[in-house]
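Enquirer: Got a structure for you, written out below as structure tokens; questions coming shortly.
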Amino acid sequence: MALVNIARPESVSYLNQREAAEIDEILMGPLGFSVDQLMELAGLSVATSIAEVYKPAEHNRVLAICGPGNNGGDGLIAARHLHHFGYKPYVSYPKRTAKALYNGLVTQLESLSIPFLSVEDLPVDLSKSFDIVLDAVFGFSFEGSPRPPFDDIIQRLVALGNPNEKNQKSPVLVSVDIPSGWHVEEGDLSGKGIRPNLLVSLTAPKLCAKKFSGPHHFLGGRFVPPAIVEKFKLNLPEYPGTSMCVRICMPPRVDISALRENYISPELLEDQAEADPFTQFQKWFDDAMAAALKEPNAMAICTAGKDGKPTSRMVLLKGFDKDGFVWYTNYESQKAHQISENPQAALLFYWGGLNRQVRIEGPVQKVSDEESEQYFHSRPRGSQIGAIVSKQSTVIPGRQFLYQQQGELEAKYSDGSLIPKPKYWGGYRLKPEVFEFWQGQPSRLHDRLRYTPDGKGAWKIERLSP
């Protein structure tokens, strides 16, 4: 799952044309950046911004229209990254330059068999052939009126209008730094210019971005040194995690009932499924690990006490084998009280990046003290102290209360001595009686295979209606 930071537009600094040019000169002068470094970071920022909003399963065909300058280079690099992200990019690069840097970018795209389309090859109506159109024609240094062939190209972009995103026949329009044809400071002077759905500002937004009214505005270019920030008194949002982009405006409110994903997945067929559900789970868990999904061992645990009221929460799986699935927790927590009254639980693993989920149901019992002790002391010392500090599910006066207890315990065990496992902390093991493996498929015709004991020491596999 992607980390998300959202900056309010009014809290972000905007640059005029002179400031933007001066920042580039400083970056590529005394601060030692090269144009190809900045271009690579910019193109990657554009590609990741697109991937944040428009997934390749729904918006696969991308037309990158690249101008003759650095903005065009950003578009060429974005096309390369989009290819590796799973999109199918096409490139229109009408005015090629003889510079080695740009020739190298073209060679890189050609080596990936990314098609180049001449202006004559471009359809008059771009909406019928592409899901995303990337406007990487003109940057902040452009002035005057567009000359051929870009005047005609921009008119084709204008014809796209401001597409209704519910209408899958209309491509979305993405602009790099400056919507082509706009004034860098005043915006769309004629009122008849292009209307991008997504604007990716680079380094810092330019003044024209204040006139941007589309639903998605991102800032990219995670390379601004403190010297630049201080000199120009920039107020820029923090980038989340390792992301190369950060959202500047709130995403548009949507009709929740209209949100849907049309899953594209390999079929899960009975004759291909493992006979043993533990083996099938291991296979899918390995796939989740290979796909680098965040915390693939995260699972929802549902429990209910004698009152029959269910509760659920996310915990981390810490081991599984033929005897069951193990997690660790506080034995005085809400789920522990419910398990003591009703020793049954349901687990749910959801691996959204693979369109998969696994449900597991069965009785629960505590693991041995020896097993809990061994795992407790395998944890980082900070986590061991955290387990002592947290009287899970009890009411506390505030976060400072936790910090105070944490500090006291850190001081107590600062000599590196053994931290004793509290008696109220340990593991549980769920012994599966039912497995269900779910694989998302198009048109909601999902695959569901259920495993139950056949009474003869093996497992029975049944297909359930989606």
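Along the chain as shown, the residues are counted starting at 1.
Quick reminder: no glycine exception, Cβ is built from N, Cα and C everywhere.
Just so you know, TrEMBL annotations are computer predictions that nobody has curated.
As annotated by TrEMBL, (6S)-NADPHX binding site applies to Asn70, Asn71, Gly72, Gly73, Asp74, Gly139, Phe140, Ser141, Phe142, Glu143, Gly144, Ser145, Asp177. The K(+) binding site annotation in TrEMBL covers Asn71, Asp135, Ser180. TrEMBL lists 20-236 with the feature domain 'YjeF N-terminal'.
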Enquirer: Measuring Cα to Cα, how many Å separate Gly72 ((6S)-NADPHX binding site) from Ser180 (K(+) binding site)?
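Expert: For Gly72 ((6S)-NADPHX binding site) versus Ser180 (K(+) binding site), the Cα atoms are 11 Å apart.
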Enquirer: In the structure shown, which of the binding-site residues Gly72, Gly144 has the fewest Cβ neighbours within 10 Å?
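Expert: Counting other Cβ atoms within 10 Å of each of the binding-site residues Gly72, Gly144, the minimum falls on Gly144.
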Enquirer: Neighbourhood of the K(+) site (Asn71, Asp135, Ser180): other residues with Cβ within 8 Å of the Cβ centroid, in order?
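Expert: The surrounding set, listed in chain order, is Ile65, Gly67, Gly75, Ala136, Val137, Phe138, Gly139, Ser175, Val176, Asp177, Ile178, Pro179.
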Enquirer: Could you tell me which of these binding-site residues, Phe140, Phe142, has the fewest other Cβ atoms within 10 Å of its Cβ?
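Expert: Phe142, out of the binding-site residues Phe140, Phe142, has the fewest neighbouring Cβ atoms within 10 Å.
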Enquirer: Name the residues of the same chain, 6+ apart in sequence, whose Cβ is under 8 Å from the Cβ of Asn70 ((6S)-NADPHX binding site)?
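Expert: Same-chain residues close to Asn70 ((6S)-NADPHX binding site) (Cβ under 8 Å, separated by 6 or more) are Val35, Met39, Gly139.
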Enquirer: Work out how many Å separate Asn71 (K(+) binding site) and Phe140 ((6S)-NADPHX binding site) at their Cα atoms, rounded off.
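Expert: On Cα coordinates alone, these residues lie 9 Å apart.
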Enquirer: Give, as a single whole number between 0 and 100, the mean pLDDT over the domain 'YjeF N-terminal' (20-236).
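Expert: Averaging the confidence scores along the domain 'YjeF N-terminal' (20-236) gives 92.
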Enquirer: On a count of neighbouring CB atoms within 10 A, which of the binding-site residues Asp74, Asp135, Asp177 is highest?
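Expert: Within the set of binding-site residues, the most crowded position is Asp74.
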